Amino acid sequence: MIEADRLIAPENPSFREEDVIDRAIRPKKLADYQGQDHVRDQMEIFIKAAQLRNEALDHLLIFGPPGLGKTTLANIVANEMEVNIRTTSGPVLEKAGDLAALLTNLEENDVLFIDEIHRLSPMVEEVLYPAMEDYQLDIMIGEGPAARSIKIDLPPFTLIGATTRAGSLTSPLRDRFGITQRLEYYKVKDLQDIVQRSADCLGLSMESEGALEVARRARGTPRIANRLLRRVRDYAEVKGNGHICADTADKALNMLDVDAEGFDYMDRKLLLAIMEKFGGGPVGLDNMAAAIGEEKDTIEDVLEPYLIQQGYLQRTPRGRIATDRAYLHFGIEK
């Protein structure tokens, strides 16, 4: 099972047809933004201060694991500032001209959102530096000895960059962000509120215990919680009367092979491989990727963060180690 096929993968191309539903249930204002209290409180102050001064919000870097709401937060910032937002991603901006076209079309105080900003090419980054710092665009015209540089003034704007790999950003780029926000995995109670709100937006009949059951198995990630909710809805409509209680949610999630800890087939495969094939570790990333037939980037960016955060896996200089908690979860003698 490749990562893209996992129901609980934070990003899943197989579910693009439900993007419309995702947009419908996303919060539009900070008041509706559940969890991440420290981020919400800080951004409320920064936004109000910028509005009082009639200035563009300072450039904002948002980082954290996939599915925690970086894009949602960027759109909320634009809504709160009452400005337009233009969205792109690092891999799309292949040439300096691609970025220049976006920047020159911005209006005063607008937001430019660049997802996966760590994947910007060095050439594009060089164009971004003066734009962020001085609101100026340096463009080379002509070639060879006849080449010359011209400066184009830009209106004040806010760059919002999102990344799952803040450490991969170059220091010059990272230092130009005046505001940095890290999104953490969500608490179960916050996820329960998110699931209940999504159910209300979709017009579903859902008990709080049903929302709790979905939240408990969502790996601390709103995107996964909403995806599981939609599958539980399908189960409730086909196998029941459409009403979602704790028992219905439990049966639906068990059918989806998502266990009580939110682990799916790939999570269990990874942990069991370490315990059964490598004696609990340490095991290197290359060997682990070969053992479970998965890409190294997927293991590092998607599988491992939650397992490490929950105490089932450890990264050491010698490799990955399955913890005592992992052995206890599977009932395996160490």
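From the backbone N, Cα and C atoms, a Cβ is placed for every residue, glycine too.
For the ATP site, Swiss-Prot lists ILE25, ARG26, GLY67, LYS70, THR71, THR72, GLU133, ASP134, TYR135, TYR186, ARG223; matching the candidates ARG176, ARG231, ARG233 against that entry yields ARG176. For ARG320 (DNA binding site) paired with GLY67 (ATP binding site), the C-alpha to C-alpha distance reads 24 Å. It is 22 Å from the Cα atom of TYR186 (ATP binding site) to that of ARG315 (DNA binding site). Rounded to a whole number, the distance between the Cα atoms of ARG315 (DNA binding site) and THR71 (ATP binding site) is 29 Å. Of the recorded residues, GLU133 (ATP binding site) and ARG315 (DNA binding site) place their C-alpha atoms 38 Å from one another.
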